[in-house]
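A.B. asks: Sharing a structure below in structure tokens format, with a few things to ask.
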Amino acid sequence: MKVTQLDCLCVILLHLLHTAGSERFEVLGPTDVIAAVAGDDIILPCYLKPNISAEDITVDWLNLDFLDGRVYRYQNSEIIREDQILFYRGRTSLFKEELWRGNTSLKLTRVQGTDEGRYKCFIKAKSWYDDFTIEVLVKAVGSKPVVSIEGHREGGMGLLCETEGWHPEPELLWLESKGDRLSAGPPEIHRDLKGFYTVKQHVIVQETDTNRFTCRVQQSRINEKMETEVHLPSELFDYATPLRMAFIVLCCLGAITVIGLSLAMYCICIKKGVIIDQLKLQRDDQSKQGEVLRKERDDLKKERVDLWAQNSKYCLQIITLLTSLERQKYNFL
Ligand SMILES: *[C@@H]1O[C@H](CO)[C@@H](O)[C@H](O)[C@H]1NC(C)=O
Ligand SMILES: *[C@@H]1O[C@H](CO)[C@@H](O)[C@H](O)[C@H]1NC(C)=O
């Protein structure tokens, strides 16, 4: 049989059409978000339709947040570890026994916060490729909030609330007993290497009727909420804020000063009074003494006068006596 050039061309075209047709496929997966719990192992489903073997084609798994690296690559029946994003190393695999029927699902072990994102399952044959993108949400419920008392701060009591191990990033709230939100400092957010969040928030509270305060952590996307209530004994507040303390100290110092000054004044006054009294007394004494002396002097004067009078009387008597004696002598003679 003679084969013409036209026949030949037809055969080649037919062959091309056949191979192209046989390689044509669709890549499919779930359209819903895949919710993964941190620490679990998950499967990211992906498969070919029709269910042709994927053993001799290239399977790429990509995280669309990391365009300069791959999650996983399978090519020429081998796992290619070049350009693998570091934190997926040792945690990803394909189901090798499923590849021959077009199942290119990825197994991801020990899910962590950084795994959240959009993943592309990209499959490339010699003359055909297709891809499918799925979304993964990582849910990590962190620790119950821990409240610690930091002591007196700016005229109130400083409290700190801490919670760790969350994904996605949670919101921290400080509430008073009636449920009203307290104005707190800015949240301090830290993300660890595995992508889990730790959040801290400081608040300064004033004394209230109940002295009960609540720290709430909530993550609405994963519908989680936890609370820790703290009750502060009012003595904590009574133990005076530094300002109040300073005020009290100042008051005490003031009172002591005033009392001291008053005492000093009083003492001085009393001393002065005593001295004055003494002087007065002395003066009185002196005037009394003067009076006595004066009286003595007067008495003496009187006595002298009396003495004079007596003297003169005696003198007269003597003279009378003498004259009488003279007279008697004359008579006798
Ligand atoms: C491939 O798909 C066809 C129908 O779509 C099914 O009958 C067959 O069992 C599948 N093969 C494998 C290996 O899963
Ligand atoms: C692919 O394989 C995995 C693991 O055995 C299985 O869970 C999944 O259902 C398979 N998917 C399809 C489409 O067959």
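Using the three backbone atoms N, Cα and C, a Cβ is placed for every residue, glycine included.
Features from TrEMBL:
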type: COILED; residues: 276-303; note: coiled coil
type: DOMAIN; residues: 39-121; note: domain 'Ig-like'
type: DOMAIN; residues: 145-231; note: domain 'Ig-like'
type: SIGNAL; residues: 1-22; note: signal peptide
type: TRANSMEM; residues: 245-270; note: transmembrane segment
A.B. asks: Take the domain 'Ig-like' (39-121) and count its residues per DSSP category (helix H/G/I, strand E/B, coil), listing them in that order.
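C.D. replies: Helix, strand, coil within the domain 'Ig-like' (39-121): 12 helix, 32 strand, 39 coil.
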A.B. asks: Residue list, the coiled coil (276-303) vs rest of chain: Cβ under 8 Å, 6 or more residues beyond ends.
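C.D. replies: For the coiled coil (276-303), the far contacts come to none.
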A.B. asks: Mean pLDDT, the domain 'Ig-like' (145-231)?
C.D. replies: 95
A.B. asks: What are the helix, strand and coil residue counts for the domain 'Ig-like' (145-231) according to DSSP?
C.D. replies: 3 helix, 56 strand, 28 coil
